[in-house]
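Take a look at the structure below.
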Amino acid sequence: MPNEIFPWKIRVDESRGLAGNSGTKKSNHEALSRLQSPLNSPKLQPIGSPQASRKTSGSGSSAPLYPKWSGALSLASSRAASPAPSDSFPTFGYSQLGGLENSSKGSALFNSANSIGTPYLSSRNSNSANEASAMAFHNVSPPSGAESSSESKSFSASGKGNKADTSAEPSLDAFNSTQIKAGSTANSNSTPVEPGEDTIPTAIVVKNIPFSLEKDTLLDHFKQLGIPRPYAFNYHYDNGIFRGLAFANFYRPEEAQVVVQTLNGYEINGRRLRVEWKRQLPAAEREKVEKAKKRQAEERRRKQQYKMFEVSFTDQGLNLNDTGTLETYSRLLLFAHQCIPSREITFETTSKDGNLLNAIRIFCLYFDLDYYARPNGEVLKLVVTHPNKKNTSVSQSQPASPNLRFNMPAPLATRFLQEHSLNGTKSAPITPPPSFAVPLTNQLRSIDDKIYGNESPLQKASTLSSPFNSKNDNDASTSASKQSFGVSHF
C-alpha cells in the first residue's frame, strides 16, 4: 500500500533491506490488517498502568510475558485474528508487530541484549488480566529467561481463548483510597519532632480549628484530655474573621511538648487539629519589630503627654492659641531647658494685667521655676530664675495682686501663697492673713512668768542672749507683761 494513504507512517526506502538484510522487503500483512480495521485502531495507554501482555494458545493456556507495571507507552490491539507472519520477516527486538514468530526465535530474541526494542501490542481483554494485575500489586518479579522461553512456546497467532473477563480485575480506585487513608492515619498519629533552634520551646500554634468552635470549648478539651492548660491562649483573627488558627504559651517546655504530642491529630467536629511549634522571626525581622514597637510606644507617650498638657492648661484658664500666652510659654520653655544663656528672665506688665500674671504663675509651677516681682510705679517687672539661683532676700513666689505681697513678711507670704496655689485658686484672697506685728516672745514670756515667776527659763535665756540690753529695760518689759496678764509682782 502506498505511503500517501497514511501520511503519519514512517517512509522507508523499500529498495533497501532493514537490519542488514539485502533481500527484498515484504509487506507486514498482520500490521496492515490491524491498521485497516477502524475498530482496531491503536490507542495510547497512560504511563504506569498495569497491562497484561498475554496471548493465549490454541489449547487455551496462558502465561504472562511481562507482568510488571509498564513504564512506557504501549499500543492496545484488538482481539481480531491476524494472519501468521512469515519467517522471512525482519525482526525488531524480541517481538514483531504481530507477535513472536515461533518459540525458538522468540526465546532467542527475548534474551538478546543487542536487539532493538519496539512497542509491544498487548491485548486489553485477555483472559488473565486479573492475574497480571494481582501480580503487579504484589510486586512479582518478571520471569527468568528459561521461564519466558517455555511460556513463549504456548503462544500462537490464533485468536482462540481471547474472551474478556474484566469483572475479575481489581479496582485501582479502591486500592488507592485504601493507601490514602492509611497514609493519613499514619501522618496524624506520628509524633512531631522536638522544637528546633528556630522555634520557641514554650509556644505552639494550633491549626485547622473548626470555625464555629469557641475558645472556651477548646480549652474544655484540654481539661478532658488531662493536658496542661496554657497561661495565654488567643485566637488569631484576620481582618476580624477567624481562620482556624490559635496561639498558646506555656511556662515550661515540657508542658508544651506534652500538648503537642497529645493534641496533634485530635479530631474535633470532624476536623483533625494540627499542632506545631511557633517559629521565631529572623534576627533582622525581630530587630525591625522591636524598633517599630519602640516607635509606637514613643508616639503614644507623646500623645498622652500632649493630651495631659492640654487638659491641665485648659483647666487653669489658659489659651495657648493666644499670641501673648504662647510667646510667654515659649520663652519660659527655652529658659527652663537652659537654652537661653541667662541667669534670669524678665517680663514687664501693668499691675492691672491679670492674664500675664496668671500665665507666669502657672508656667513657673509647671517648669519648676522661681519668680518674684519688682514694682516700679504702675509698671511691674516679673523676674523668673532657676531654683538653684534664686534670690533669698525676696520672696520666691508672687501672688496675683502685687500689693498683697509687700504687706506681708517674706516667709509667711511664701508659705501662704504656695498652699494657696496648690488648692487650685487662681488669685489670692481679698483678706490677707493675720499679721504678727507683736513678737511672740513677749506672749510666751508672760505665760512662763505666770507659771515660774521670776525664775522663768525664757527670761533667763533672753537675758543671756542680749547682753547689750539694760536691766531696767528688762524689768520694765517684764512688769508691763505681768500687769497685762494681771500678775502681781512679788
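Yeah, the Cβs are placed from backbone N, Cα and C, and that goes for glycine too.
When Swiss-Prot is compared with the stretches 76-97, 274-295, 340-361, the one noted as region 'Disordered' is 76-97.
Feature annotation from Swiss-Prot across SER74, SER112, SER133, SER435 places phosphoserine at SER435.
Taking H, G and I as helix, E and B as strand and the rest as coil, DSSP gives the domain 'RRM' (202-280) the counts 22 helix, 32 strand, 25 coil.
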